[in-house]
Amino acid sequence: MADRQPYMTNGIQAAVVEWIRALDLEIISLLLSRAWPMALLATSELRWRPTVLTDTDNVVRLDRRQRLVRWDRRPPNEIFLDGFVPIVTRENPDWEETDLYGFAKNNHPSIFVSTTKTQRNKKKYVWTPRNANRGIVYQYEIYAPGGVDVNDSFSDASPWPNQMEVAFPGGIQNIYIRSARELHNGRIQRIWINPNFLDPGDLEPIVSSSRTPQVIWRMNHPDGGHRDQRSERSASSYDDLMYGGTGNVQEDTFGDEPNNPKPIAAGEFMIESIKDKNSFLDLSKNVNGGVIHSNLYSGGDNQIWVFSYDDNKKAYRIQSYQNSYLYLSWDSNASSKEMILRGYTNSGSNNQYWQIEQTGKNYRLRNLLNLDMIITAQDKPSAFGGKEVIVNTEISNSNTKISQEWKMIPFDFRPIIDGDYNIFNVDLSNQVVDFSNQPDLLVHGHIFCDNENQTWHFTYNSTYHAYKIWSGRKSNLLLTWDSNAASKEMVVRAYTESRSKNQYWRIEQTGSKSYKVRNLENSSMILGLTRVSTPYGGLNLMVEDDSDGHSDLHSDWDIKPIFYQDIPDGDYNIFNDNFPNIAIDFTNQEGSLIHGHNFCSNNNQKWSFVFDGKRKAYRIKSGVRSNLWLSWDSNASSKEMVLRAYTESGSSNQYWRLDEANDGSYRIRNLQDYYKLIALTNKNTPYGGKELIVSDNKESGNTWYLKKLGEVPLPNRKFRIATKLNYKKVIDSSTSYNLIITHDLNFASSIWELVYDSSKKAYNIYSSDINNLGWIYQNKNFFVKLGNIDGPDHGDLRYFWTIEYSMQTGCYLIRSLHDPANAVGYTDSESVITDTSTYSDNQLFHFILM
């Protein structure tokens, strides 16, 4: 592929599919490159969108600030909740499902989600499908990291260059979707605002029109589920709008309305000063006439304001969220002619109404009584904390005019859905919130053990706009700050329900994997972890005032949903990561010992994974004796660490959980002890294999690749088969009908057609040059022969081959079905032979589509 300089990218950070987001960038790049078209190999390569890029208007921006668009038939109640989930989400997707060029050209079902860049050339242009004016359609606005730049990847060969496509493997999380336009037969009905959007800052405002309602979305919004009937026809129909062949670039004229009097939606906002970052309009005294000032973020109701638009006055009233009787007001009638702002009950005066004016990326708030008077941030300290805010005439000085500019931030109290979670500390690696049921009911931080002590069930209360967090260990106990204790203790305990506000928590998203957890009793109090040890072997968990700036309090949390069913039930081979030709094997030997053995593709090495919903773990059944299960005999008097195949006992030592690594492999952990993993040693067993143990040590052989039996890795198509080390060297045949490695000279004899036989779960590999001729296995260390495989003995296993994809290398291994221990490789003299499979470079190949 083309040789270009390395660059920084956010890659797959946006992915909503967890297994894709967890992969190393190198691994996912190999996965996407395996289907690269032959004709483009020398002139193109996979190009991720860089972290810093030159946008279509030639302005240098961060990738998170480049405006992308996606046309979709699915409504906000689905997209703002789940994000853009690709059609294909399963692990080990097949060849076509990871084919970037095929996806860009034909939009077939895949792991990708398509978007298009906003194109700017004095005016704004957007690629638009020709059927966007038919039925109910949504135009989603996206600011996401990473993704693959399709035009940059394929250059002049890009299938639809005017689409300016950015494709996202694994989809796009909801936090990167800012808004959506809802269109009915081409007419914009409303603009949806996503309150969970993670704003990178410095974005242009959402384009709006005074004639179009703006709506802040909430879960299960009654108007948020409008769906066109055609989107229900098939699983893939919602993606038809992004097919590059059915659209063109059109000018986006929506919102070209000077002095739009209604630039923001009605709803709940925080009003942030542009002059003083992280300072917000604040009504700290909840009384009639209470002074409004600018103060550092506290997460409290006193900094939340409810905007409502009056069509008659063409202005907004701004109501305090903490006290619905109080409104943002300028007491223009005061005898002192004061300029400060206060919270007053409704008077009907125009000094309680505000016109909101866009100033590029921000807003000014003008008082309706006197439109010359603008809300202005001051440097003067306020007696109530923070800084004073007044109304003042317009400032023209370019250096100080930002004191009259404000950012409106939609506020949402429900960033996560109800369910079970682990609460990981971001700063202190592998530490989670833990309740071990000790006598003092103390909740603390502890090393992650994947047990019910560390499971927390979040339930949202719409009255309090906050969460109750229930213990997984004891379902009647809630995470509680005992704020009423005489000692004014700051620790956190697990108490039965009291209906006190100190048992409610607000979850505030601060990053893609980062949250603050605030107590509703006092929103300045945040949950944090210190390095101080507790008597129970963990770390001290407490609440402290956010404004105190405690450097020793680690208060950022990654709240991870708990999901244990990583793979579908079915039959698998379990290959070792470090020794890729060794699989877990049970040969029914004395003592029921299970060991690692060179792969031979028989039932000894077949294992059936069966998920148990109650235990939330897998049982792993032998393929050779269906009444035996993969077991660690943890109860043996010798405390043995070996694995055995035993009949069902019901013990947790027969259950296993999968822990995904970042290269697509898994650690297999025993349910009885989270730290006990299946590991392969280099020690020989009496039965000809390698010893398997369960161990809490970090052996190098404790990660495994699961290959599902019966999956078809490649389609029935024609390919050149190139070596791993040099894609310009391919498998061809000699005049004596032996397979050889030659330079690719575009000969027909180096084109091979795959034909899959579903009964044998293997391929015939035919010559495209001579009818009926195909690959024939002769024996170990013999040439692979080209001969007639369509005769009376067509079913001979020597004519069939299995093909395995190697996630680590991005290449394929070709095994003989007749003798699966042997794989196709080549010698120094470039003869193609079969030998014991080792996954060495000379046994790995690229399949290049013709």
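Backbone N, Cα and C atoms are what each Cβ position is placed from, and that goes for glycine too.
Because the structure is a prediction, the values reported are computed rather than measured.
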According to Swiss-Prot, which candidate in ASN92, ASN107 joins ARG70, TRP71, ASP72, VAL85, SER114, THR115, THR116, TRP127, GLN163, MET164, GLU165 at the NAD(+) site:
ASN107
Would you list the DSSP helix, strand and coil counts for the residues of the motif 'PN (phosphate-nicotinamide) loop' (117-135)?
0 helix, 11 strand, 8 coil
Same-chain residue ranges lying at least 6 outside the motif 'PN (phosphate-nicotinamide) loop' (117-135) that approach it to Cβ under 8 Å:
55-57, 66-69, 71, 73, 162-166, 183-186, 228-230, 241-244, 246-252
Over all pairs in ARG70, TRP71, ASP72, VAL85, ASN107, SER114, THR115, THR116, TRP127, GLN163, MET164, GLU165, the listed NAD(+) binding residues, work out the largest Cα-Cα distance in Å.
21
In the structure shown, which of the binding-site residues ASN107, THR115 has the fewest other Cβ atoms within 10 Å?
ASN107
Hey, does DSSP put ASP72 (NAD(+) binding site) in a helix, a strand, or just coil?
strand
Hey, what's the Cβ neighbour count for MET164 (NAD(+) binding site) at 10 Å?
24
When you measure from the Cβ of ARG70 (NAD(+) binding site), how many other Cβ atoms are you left with inside 10 Å?
24
Secondary structure at ASN107 (NAD(+) binding site), reduced by DSSP to three states:
coil
